[in-house]
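S.K.: Have a look at the structure that comes next, please.
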């Protein structure tokens, strides 16, 4: 049936007038001759046009700057996390080319399963040829207690993105480099100092309840010692102990003068000295030596060879594994390392006599002696590889945008030590 010509018109709203994208909307009214299907088609086209315009507006950089930035940073972060970082061990670690690691080259699986690194997408190798060129490594680690290798003192090429790491677990007196010749050479430090870029302690304390490592750190959230504490095992061991103090030592003349302190203590009670500096011997690694501390001795002398910030050695942490109170002597602030009332700090006393008298007091008072072991109910000793920290650092997106340099590594390292102890020797 013929319906005749049907006129239809579409009024374009005035608010769309002007230019949106590349489309001119200046025409306010369009009158077309069309049939019913044409009218429907026209309506669909108009709706499609509106959707296109709205899409262009909502995706405009003028309105979506934050989203564009967020997408970019998120993608960059994912790339940093997923990609593998490579670490080259340039020098040996006291003659050990593997740095006490299990293989010449460790991959992500070993970092995850053996070192238990939370961030493990790294490869560590002592083989220069692991990558085609030395400048391709993300980080190169130099042990400052070793001389540079004679045939290859330093890498011949260095890329801008590459990180050179100053690594040392010993105090500054053990440095075998002329650091005044290495200004601006290192980007990161990996040492026992808490303010190092990569922390390398001899041991750590984990809060059992929080399941988190709390020390060493600048201000550990230590729990308060209880007013009263009882441990039947410690009581039983206390009753069988007969000797005041033991000391295992191999270096007899030191910068800290610890040997003087030990000799002065012998004016007040007997100190059994094992090793090169005494008359007694006990083979390193012999379990009897450790058990002897539990059964025979009230104290163990954890005296350091240098008075340097944060410097404490494995002998302190070894003593914490035994039922013996460590008497500490060093340059560290021990409140940043050990729980309160878990040790006796020689530098808290003005004189050797004052220290000796307090040690005698503790020996004679079983309640006081047992109270020094309260921390075992709340903390346990643990250890993590510094390579876990280094791997995480190399994966940090913020670190990828900047490369710092130590322009005076010598002052940073050497100024952390002193020659004079607080206790008068």
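Glycine is no exception: its Cβ is also placed from the backbone N, Cα and C atoms.
Here's the feature list from Swiss-Prot:
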- 187: N-linked glycosylation site (CARBOHYD)
- 230: N-linked glycosylation site (CARBOHYD)
- 1-37: topological domain 'Cytoplasmic' (TOPO_DOM)
- 59-425: topological domain 'Lumenal' (TOPO_DOM)
- 38-58: transmembrane segment (TRANSMEM)
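I would like each feature placed in context: is it buried or exposed, what are its neighbours, and how far apart are things?
M.R.: Under DSSP, residue 187 (N-linked glycosylation site) is assigned to coil, being neither helix nor strand in the three-state scheme.
Under the three-state DSSP scheme, residue 230 (N-linked glycosylation site) falls in the coil class.
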S.K.: Using a 10 Å radius around each Cβ and all protein chains in view, which of these glycosylation sites has the most neighbours: 187, 230?
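M.R.: That would be 187, with the most Cβ atoms nearby.
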S.K.: How many Å lie between the Cα of residue 187 (N-linked glycosylation site) and the Cα of residue 230 (N-linked glycosylation site)?
M.R.: 49
